């Protein structure tokens, strides 16, 4: 559901980006411009002109790292919740599937409410909170106004000094560049692949769709804007690939360790052999004492 909700969001952003124009002074007003575009303009001017002495490429890279560090606590929390939910669902799935069948067969509203209440009890039993998965959208929602502000700053050439010092590496930051655009698209595809490895099987199809949609959107928007936006996305995607890879390794081990008590409890409750084995062990220990 979370991934599906992002599709209309991206579509709305594309329409918004296509319709706004801040290229002339008389148009540079309004809530969005004053809240997001103007601060981004001043920040880039300060980093590019004063801190890095007319190197706006380095200014954009530092800006990416700064934004990513702000988002890091939200991202780590999202990784942890995702891994915990997936591991706990492996244990709770038989019970959840049984209750969901009850919901489908329910003929009255009272029966549905009773089944849903039973489902909530199962979630509580395994310390699961499905609402936490909704927080996965939070880093995207926080970052979107920042990216959109940067988009208009670069598209409408609002940063003083950038036109005089536009070069970074092999490309001109004020013009589209096919290679940095392709790099951004490829890196976002890799990031989607890395993220999809931890998705539950039922969510894989939507994950594969995002693998295609995200790079296409990145490439399309980057070709409409200057290569500075492609640089922003390339550095951001590279950071995400590294962050996601190591977070998946760490939180996968942590989730399996924390879920182990639930697995052992489930096996004791649902595996008669383990109960008999436990009783036999107690009998043997008593005989040994005698």
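Each position is counted from 1, following the chain as shown.
Cβ atoms are placed via backbone N, Cα and C, with glycine included.
The compositional bias 'Polar residues' feature in Swiss-Prot is assigned to 280-290.
The S-diacylglycerol cysteine annotation in Swiss-Prot covers 20 and is backed by sequence analysis.
If you look up Swiss-Prot, you'll see 20 marked as N-palmitoyl cysteine.
Marked as region 'Disordered' by Swiss-Prot: 270-290.
Marked as signal peptide by Swiss-Prot on the basis of sequence analysis: 1-19.
The feature transmembrane segment is assigned by Swiss-Prot to 56-76 (among others), with sequence analysis given as support. Sequence-distant contacts of the transmembrane segment (56-76) (same chain, six or more residues past either end, CB-CB distance under 8 Å): 43-44, 47-48, 135, 138-139, 142-143, 146, 150, 159, 161-162, 165-166, 168-169, 173, 228, 231-232, 235-236, 239-240, 243, 247.
Annotation source Swiss-Prot lists transmembrane segment at 134-154 (among others).
Sequence annotations record features per position, and here Swiss-Prot assigns transmembrane segment to 176-196 (among others) based on sequence analysis.
The transmembrane segment annotation in Swiss-Prot covers 211-231 (among others) and rests on sequence analysis. Non-local neighbours of the transmembrane segment (211-231) in the same chain are 7, 10, 14, 17, 56-57, 60-61, 150-151, 154-155, 162, 168, 171-178, 180-186, 188-189, 192-193, 196; each lies 6+ residues outside the stretch with a CB under 8 Å from one of its CB atoms.
If you look at the transmembrane segment (232-252), the same-chain residues 6 or more away from its ends with a CB under 8 A from one of its CBs are 60-61, 63-65, 67-68, 72, 75-76, 79-80, 82-84, 147, 150, 180, 183-184, 187-188, 190-191, 194-195, 197-198, 218, 222. For 232-252 (among others), the entry in Swiss-Prot reads transmembrane segment.
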